[in-house]
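Take a look at the structure below.
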Amino acid sequence: MKVGDTAFRSIWVESATGEVRIIDQRWLPHEFRVVSLKTLDEFATAIRDMWVRGAPLIGATAAYGMAIEMARDPSDASLDHAWEVLHETRPTAINLRWALDDMRGLLSPLAPAARADAAIRRAHAVADEDVETNRRIGLHGLEIIREIARSKPKGEPVNILTHCNAGWLATVDWGTATSPMYQAVEAGLDIHVWVDETRPRNQGAQLTAWEMNSHGISHRLIVDNAGGHMMQHGQVDMVIVGTDRTTASGDVCNKIGTYLKALAARDNDVPFYVALPSSTIDWTVNDGVREIPIEERDDGEVTKVFGKLDDGSVASVQISPDGTRGANPAFDVTPARLVTGLITERGVAEASREGLLKLFPERRTAA
Ligand SMILES: CSC[C@H]1O[C@H](OP(=O)(O)O)[C@H](O)[C@@H]1O
């Protein structure tokens with residue numbers, strides 16, 4: 001998407017140097033920092049420490065990490081080591097495993113001498129496919145927004161609530177939950193976005209708000225606990241979020257707090273949509289609550305908050321007593337029964353096995 005007058009992706013290869021470049025999202029919205037990732041360990045650190053984050057972007061970053069390592073050492077041992085190092089960075093987003101398996105499946109049968117070129121080509125393709133996939137998600141989501149707009153009094157915007165950042169910063173471009181928003185604005189529809197701050201790391205306040213500002217989309221930042229109240233008072237026409245792993249039966253694992261939004265949406269008859277590329281569907285899992293590993297992150301993310309000081313510098317400040325420890329599950333699982341629809345690149349699926357198989361019949365295994 002555009003940053004000022006310049007079009008950006010969240011990850012790209014500098015043509016002059018061949019270096020893989022990323023936007024280091026830890027410093028947004030206060031500083032726009034671009035860094036190069038040059039070694040396998042730097043790629044692993046960037047994913048683990050959330051310089052880059054968001055399921056599709058984590059997958060694309062891992063693909064480029066494999067490619068960089070193949071250029072250094074294309075041996076079988078190096079291929080397996082790179083898979084292990086990158087896989088252990090974060091446990092929940094399935095795109096990481098999907099991308100690593102995709103790359104290793106392509107590279108393993110090749111002669112080592114052919115792996116570096118094949119790897120970088122595939123990494124580029126993973127990134128390009130993500131952009132097109134998200135664009136298509138946006139077109140399908142646009143029709144939902146358009147339908148809601150028809151039911152609104154003239155001059156009133158479609159009010160959309162979103163949680164965390166499932167924006168272009170969480171993908172290579174367009175975003176998943178934000179793609180319908182961008183497409184709606186491009187189609188001339190009037191939307192307003194309630195942006196959940198999304199504690200503890202505030203991806204909403206820091207990243208989604210930055211995206212909305214950069215794109216000139218009407219929005220207001222709200223605390224995570226305000227969403228239910230807004231819905232009770234008719235101020236939310238739809239919820240749209242992303243996901244880090246959706247099961248074959250339609251259970252949705254997403255940033256912590258998503259489940260609570262879904263409960264409030266159901267209680268107030270607000271449609272609750274999830275936007276996702278098919279690479280985020282884990283076809284091997286049915287019961288999301290019991291089977292999806294939930295990342296436990298450092299409790300310092302709960303006891304501290306990052307922001308800009310009055311002198312313009314950025315810092316992390318402690319918000320709780322010295323002796324207080326935190327608990328920090330990074331995701332939760334929304335059962336399929338609370339999901340109105342799954343917006344994929346092939347269309348909108350009912351949140352169920354049959355609903356997903358109608359759009360992805362090639363996944364229908366023999367009974
Ligand atoms: C399009 S995936 C976005 C998804 O990823 C975020 O998690 P994190 O920032 O920890 O990587 C969040 O769950 C978003 O919904």
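Note: Cβ is positioned from N, Cα and C throughout, glycine not excepted.
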Of the candidates R9, R90, R290, which one does TrEMBL list alongside R53, G54, A55, Q203, N254, K255 as binding substrate?
R90
To the nearest Å, how far is the Cα of A55 (substrate binding site) from the Cα of D244 (active site, proton donor)?
5
Cβ-based isolation winner (fewest other Cβ atoms within 10 Å) among the binding-site residues R53, R90, K255:
R90
I'd like to know which of the binding-site residues A55, Q203 has the most other Cβ atoms within 10 Å of its Cβ.
A55
Want to know which recorded positions, from R53, R90, Q203, D244, N254, K255, are within 10 Å of C164 (site 'Transition state stabilizer') at Cα; which are they?
Q203, N254, K255
Three-state secondary structure, C164 (site 'Transition state stabilizer') (per DSSP):
coil
Using the alpha carbons only, what distance in Å do you get between Q203 (substrate binding site) and D244 (active site, proton donor) once rounded?
14
